[in-house]
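After the structure tokens below, expect a handful of questions from me.
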Amino acid sequence: MLHFKEYPLRNLTFIFLFITTLIFFQLNRITIAFIILFALLLLVVFLQEKQRIFVWITIAYFTGELLYLYGNRLLNSLSYHVNVLLMLDKLLLLFPIAIILYVCRKFKQDVALYFKKPVWNQQVAFSFFSTKLFSLSVFHFLLAAAAISIIMYIPFIIIEEPDIKLPWFIWILVYAVISGIMEEVLWRGLIMTGMKNLTNEGFAIIFSSAAYGFSYIMFGYSLAICMLIALFGCYWAFFTSRSGSIIPAILWHFVFQILMVLSGAFTFLPI
């Protein structure tokens, strides 16, 4: 059962502003995004401690994203193989990760990166309000998610008929590992923790997942695909929060990225 305890309404306002700024940023309305950030910066001295910390986390994230964009432009000017550039592009997510970690350390804010060995037989319960629906072990939860993903993508993989060569497949594996670690640490670790400290578990899971989905707008994905990504994010945010480990989410992310490439949904890894 998700916990939606009492919370000040204006705390949610800062999360809405984070998502609004993210959408403008993704739509390349950088000026509007930074006007919102500047307004938050002017207000920061009048805020309560939790609100102030989240505002700084917000500013840290978008500062990192701006550095990510400039880094991406620099990569585009290099003459390396496209696969190398894609790996480096994902590593640029270290900018927002590092800056948010610095802010959290500066304000002595607890950060739950969830980097611990999962207890595979630990039961994770699914409830609707106060009614328990069912429970699954961490291992079976991961197995079910991987199986659903594979079944969902098999028809597209059959249609695509990918010509799997060893060098190409190695690039896929490396990319999937980097992408899984970077994105899960940023969204299921840092952003979700920041929102949870400001509000509660339930709102943190829902809104961090929504923001995660919207973060794919700049890559040209439709709103429907972004909402599907947000739904998957919600699934794994809940699971990460309840299991206390981000490792299963990274493993699923790894499998999901491979399936996307094999199905032709992600075509940026040519050999």
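From the backbone N, Cα and C atoms, a Cβ is placed for every residue, glycine too.
All TrEMBL annotations are machine predictions without curation.
Reproduced below are the annotations present in TrEMBL:
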DOMAIN    168-258  domain 'CAAX prenyl protease 2/Lysostaphin resistance protein A-like'
TRANSMEM  7-24  transmembrane segment
TRANSMEM  30-47  transmembrane segment
TRANSMEM  54-71  transmembrane segment
TRANSMEM  83-104  transmembrane segment
TRANSMEM  133-156  transmembrane segment
TRANSMEM  168-190  transmembrane segment
TRANSMEM  211-238  transmembrane segment
TRANSMEM  250-269  transmembrane segment
Between 7-24, 83-104, 133-156, 168-190, 211-238, who has the most Cβ pairs under 8 Å to the transmembrane segment (30-47)?
7-24
Can at least 3 Cβ pairs under 8 A be found between the transmembrane segment (168-190) and the transmembrane segment (83-104), with each pair 6 or more apart in sequence?
yes
For the transmembrane segment (54-71), name the stretch out of 7-24, 83-104, 133-156 with the most CB-CB pairs under 8 Å.
83-104
What stretch of 7-24, 83-104, 133-156 shows the most Cβ pairs under 8 Å to the transmembrane segment (211-238)?
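It is 7-24 that shares the most Cβ pairs under 8 Å with the transmembrane segment (211-238).
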Are there residues at least six beyond either end of the transmembrane segment (133-156) with Cβ under 8 Å to its Cβ atoms? List them, or say none.
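For the transmembrane segment (133-156), the nonlocal Cβ contacts are 118-127, 235-236, 239, 243, 245, 248, 251-252, 255-256, 259-260, 262-265.
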Determine which residues of the chain contact the transmembrane segment (7-24) at the Cβ level, with the cut-off under 8 Å and only residues 6 or more beyond its ends counted.
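Contacts of the transmembrane segment (7-24) (Cβ under 8 Å, skipping residues fewer than 6 from its ends): 30, 32-33, 36-37, 40, 50-51, 54-55, 58, 61-62, 195, 198-200, 203, 207, 210-211, 214-215, 217.
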